[in-house]
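Worksheet: one structure, shown below.
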Amino acid sequence: MAALVVRLSCLGKRWVLACIDGGSRHGRGAAIGLTSRRKRGQSSVAQQPLIAVQKSRKGEREWAAVVGLEIHAQISSNSKLFSGSQVHFAAPPNSLVSFFDASLPGTLPVLNRRCVEAAVMTGLALNCRINKKSLFDRKHYFYADLPAGYQITQQRLPIAVNGCLAYSVSVGKKPSQVSTRTVRIKQIQLEQDSGKSLHDEPRSQTLIDLNRAGVGLLEVVLEPDMSCGEEAASAVRELQLILQALGTSQANMAEGQLRVDANISVHHPGEPLGVRTEVKNLNSARFLAKAIDFEIKRQIHELENGRKILNETRSFDDKLGCTMPMRDKEGKQDYRFMPEPNLPPLLLYDTASLPPGADPQQVINIDWIRERLPELPGKTREKLIQQYGMLPEHSFTLLNEVGLLEFFQNVIKETRAEPKKVTSWVLNIFLGFLKQQNLAVNESPVTPSALAELLNLLDRKAISSSAARQVFEELWRSKGKTPSQIVSEKKLELMQDQEALERVCHTVMEGHPQVVMDMKRGNPRAINKLIGLVRKATLSRADPTVIKEILERKLSS
Amino acid sequence: MLGRTLREVSTALKQGHITPTELCQKCLSLIKKTKFLNAYITVSEEVALKQAEESEKRYKKGHSLGDLDGIPVAVKDNFSTSSIETTCASNMLKGYVPPYNATVVQKLLDKGAVLMGKTNLDEFAMGSGSTDGVFGPVKNPWSYSKQYREKRKQKAHGENEDSNWLITGGSSGGSAAAVAAFTCFAALGSDTGGSTRNPAAHCGVVGFKPSYGLVSRHGLIPLVNSMDVPGILTRCVDDAAIVLGMLAGHDPKDSTTIQDPVKPFTLPTFADVNKLCIGIPKEYLAPELSSEVRSFWSKAANLFESEGAKVIEVSLPHTSYSIVCYHVLCTSEVASNMARFDGLEYGHRCDINVSTEAMYAATRREGFNDVVRGRILSGNFFLLKENYENYFIKAQKVRRLIANDFVNVFNSGVDVLLTPTTLSEAVPYLEFIKEDNRTRSAQDDIFTQAVNMAGENLTSAIPEPHAKEPEQLHVTSFSYLPMTNELAGIIETFVVTKRPYWT
């Protein structure tokens, strides 16, 4: 179940389900710069029953929606942010809890270097300014899964600020009309995760699991530069890919490693922003898009009916597809922020400011981390497009599916087939089969080598396209067989014997004089019928182009 | 044997004049005899005897762990001790047995010290009398001295002697009383605004507050994280230096400890007072200062001057703001630190289970006394969004000014400051409780808390050779570690006489 949600969230061409213009006035604007704030009127969500932003029914004034996101990404690290406890998903309850995590009195936080490095890497990848000095604060609230009564976070001076994230959405009717947009990143802060409360309603008990308490989080705050659910979902998906490429977070939404809260408001263009609501705990990109679009529509509906929007926290009910006010009072709390006195300021260095003779174990050098950043998804896509002449949308699909790019590259390595052919097979047939059976790439019964071999057979015209498809189906069903084995077992190889094929053609023409007559009278469809008949007679083992050649030659002679 | 200093008894152990077990048993029997002082909350007799036995084995094999091996020590009951109840003198932590040792406790044990027990305090170390703990007040051993009894007789005929006992000061009153009553040779206290130095002053022992960051706070149940330091109480300055040597240094479990290696702390046998410049802060000449303390203060200053030291008046201009500033910062951190006591993971939990919130409220009402609740309330008020700038931020700025006062004075060539520890000598319990905890803390911490806010200072209190009851002076130096002890040692050499006030 867990894996299912994520896979649905990146199903097919999800990235293209983005905003398109209702009109064409500011549709395919090129990359949106940091400072340019698009007009938000008139956009609507493609292929969504819920129309997000629209002309007022009274036909007078447009509405614009403004969406900002707060994203919590669990840092991928061996141990927690301030304690030595291990970090594992789905470990037995309360098995990964140190004295500090349980807030035993007298325990003190000790900052995990790996988490700091992950924050710096993420900040650099998101074009942020890394603060060489950042501070930790306590944020107070009473909750059963927050043992200390406060969370250690970075409210005053976070580790990274002022970044930006470029993401792509489709802007036209065709998926190839892609527009790159940019959302500004306000800040990235390091903070502790809370534990989990499990409410046992019948027994009116609450059970607490502190395994997650104290795990390092990166809170990434995206400025309200988005205007609909699909923009938000695309931005989140891009962030997810970046985090995964960096290895700073597994960013699996279904496992709670990536959690998104959305701030949403609507207003008339040119007027001040409206009152915003916050939709919390969105655990898949699909629900994120749905929740935002529902909320935009709801707010417009409320305002048009003379009601007011309350500054409140809402939750998304994925079964009903709507947002509901959350009853907890958390949103109105005064968190009584205070500097965390047990942690000195977090100091980072670059090569220029590195104190001479500093112990490399004791200091973090931003430049050193920058030089070792891995390739980011944007660059990978660019390379795919350049190297293989791939369409941009195909490069997106390849990256969006976990493991698909690697699969594709392994096929390319082992086959002589054209990259375009490989792309087409991987994205249409292979991915189609996976989707149909709801499998992940690494669960595929067909290996890259098998597909490569199959494409080689096709490439040297040993089999026809339709036979290739048959072989693929067979590969999918019976693990362990090679394409060549299947081809010979099923006698799928193309007839290489020209004379034999000519004889079959001759027999077919003789058997269907009426069709031959039609053809001679100039009916272009008639030849196709003949080709079909010949293929049937050869059990689909003949190449249709060769059949056509023979037939045409015979007819004209 | 019990009247000796730590160094003396250590020598006796090494020479075999007494065994660790014998020493331990002597202390245990004296602890029983002085039970009415209420210095100990928990006496860890079994643990102590076992540790003494192990120490004895080491001595027999000639593998002594050093000066502390076999030495009976006591620890304030706000330091976590593995498998020994740690209560902070609060209902909230009654029955709480930590699964780990505070770093300072572990360091003492690693050096072979014998843990006699956990000493009494004000609840969560909030107080200056050791009168506000759930286990009752600590009585000052001096109350039962011949000298004090005679003085009482002269002053007030017919008064009930038993009700006229003196307070120890606080909040580490149990540790001070334990050392003063010879039931151990050294004790750990904690010092946030004067909690080690104040009771040391009132009980006639040495109280040493190390610089912030010199000694690990890991395992010390916090009052104010940014000011707390483990304190050392001993019967002479040399002993305090020995214990400090064992405790000081970086602790990977406390990120606020300094990383630089620590040099050993040794006292000179002879010091040249000529080279010293001693500052007398004029602001500390408060009108509330008792005539006895004032006269002893000037006596000490004159003594230094007559021995060739340069004694000058200096100014710490922001002194008058410091107690208010301390109050804001202290209560704010208290409000935060006490948030963890919700009855869920450990400690007291009420019977109410209507809702989680109701459970929190009742647990905290039952678990904390009025003083703790009052400070939590004030602290939360100061931290409210609407008040933060006006109170917390302002207090932080004033704290900086106060710290700068010390920096300026020490940069001007002053080596040490000589000040009183408290306004007056120890008062009788009945008099002390006429004022509430807050008023008392404000008065009693007046000379001590400023250095906690300045952080980097070293402070030591030295007993006065008083005929009646102890009074102390206070020596503060700045980022020059041996200085405080050295000077304290000089004062001790010059003025301390041994006082057989306890038999």
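Cβ atoms here come from the backbone N, Cα and C positions, even for glycine.
Since this is a predicted model, take the numbers as computed values, not measurements.
Break the domain 'Amidase' (B:25-145) down by DSSP state and the numbers are 47 helix, 19 strand, 55 coil. Taken from TrEMBL, the feature domain 'Amidase' covers B:25-145 (among others).
Annotated active site, charge relay system per TrEMBL: B:Lys76 (among others), in sequence order. Listed in sequence order, B:Lys118, B:Thr119, B:Leu121, B:Ala125, B:Ser172, B:Gly174, B:Ser175, B:Ala187, B:Leu188, B:Gly189, B:Ser190 are the same-chain residues six or more apart from B:Lys76 (active site, charge relay system) with CB atoms under 8 A from its CB.
Predicted-model confidence for the domain 'Amidase' (B:166-460) is 89, expressed as mean pLDDT. Annotation source TrEMBL lists domain 'Amidase' at B:166-460 (among others).
The active site, charge relay system annotation in TrEMBL covers B:Ser171 (among others). With a 10 A radius on its CB, B:Ser171 (active site, charge relay system) counts 38 other CB atoms from all the protein chains.
B:Ser195 (active site, acyl-ester intermediate) falls outside any helix or strand according to DSSP and counts as coil. Residues annotated as active site, acyl-ester intermediate in TrEMBL: B:Ser195.
With a 10 A radius on its CB, B:Ser195 (active site, acyl-ester intermediate) counts 39 other CB atoms from all the protein chains. Here the Cα atom of B:Ser171 (active site, charge relay system) is found 5 Å from that of B:Ser195 (active site, acyl-ester intermediate).
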